[in-house]
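The block underneath contains the structure these notes are about, expressed in structure tokens.
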């Protein structure tokens, strides 16, 4: 049985965007499902645009998403001698030829074709030259067949066929000696034994040229699966104007990697009506044949909903660790306050991102917050002073300070004073948190502890007395 080998081959000319991440994810899932090998290859033949910073960003994005690779990263820039060797093989076998046409001549041919109403393509001027022209600059072209059909069965799109007379004699080596993309990708996939190529559907038109190269070199043609692109809400191709498109930007906005993975895989693939998938679920259930043929529309609200789910159901200890940098960005030392895991537990239910959780946690670590003006007008009236005094006295005399015992004290005060719970809880919440929107007041008090709770109640009492 042939070993299953898949690859993700990004160009390091920018960050890892969500479209590339989804392609990587589909390749990774199929490799893991079929117990195959997942290879990372960096396509950096465009030396002018490729940067180490982009390579680092791609690797960081892959690692954050948990898409581990079995081989690589391989760099095309390290393989130029290999490509030259294969160019020479094609020249020696007559399957490639040197083209001496100048850029000006080619442009004139193109303009003439357009004037004649023909599709611009190389006219084969140098295809049958008898010999070399020493010292004259040249490119190397692949001698494509002019008759017949090149077809393949795309795992997503089905049967796709191209008439060979529509295909150009592809340039495989530029005049400066560097190889072209369509050539090197075939050499890499062939020599690395890639069995399935999953990539964006903007590569469909490259596929017949690449298949002809495989056949000319005597290598087996891999299976192809062309994934539809991702669109914004306006049905235009997803870009920066639609919001964040970089994977690490979502990390910095407080998203969890499992939420983005879950969202991206569902953007084009489905398994019944299920919405929530762990990585283990995905490996078991994923099928490239179940990826839809139409473009997926990126829905930030759906991603936010998924992220909220993963925060709500996440391990508080892990979330606490992830929350630390967000707190530090806000000038908070998480070691200088209540237990962070306990803090997280009170915020999981209502936080949609780690950024929201960090903002919601600030009151735990700061006493110098100001009170919400509307809340002050409504709740911090002179009549609330005896209530604060009673809470302080009851907490001081209570040996136990759990959320259950705190709740019992609130109930006692309500019964004694003939008040509703909100009439006691809201002034207390303002004293402890600065406003009326906060987690359960009983849990907040337990996390802050008796001493800090009473300090904040006394501060609020002094505020009310000052009027």
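Positions of Cβ are set from backbone N, Cα and C atoms, glycine also.
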Correct range for motif ''KMSKS' region' (source Swiss-Prot, candidates 222-226, 227-231, 232-236, 237-241): 237-241
CB contacts for residue 128 (Zn(2+) binding site) [other CB atoms within 10 A, all chains]: 8
Around the Cβ of residue 101 (Zn(2+) binding site), the count of other Cβ atoms that are within 10 Å: 17
The motif ''KMSKS' region' (237-241), counted residue by residue under DSSP: helix, strand, coil: 2 helix, 1 strand, 2 coil
Shell of the Zn(2+) site beyond 99, 101, 126, 128, same chain only (C-beta within 8 angstroms of their C-beta centre): 97, 98, 100, 122, 124, 125, 127, 129, 141
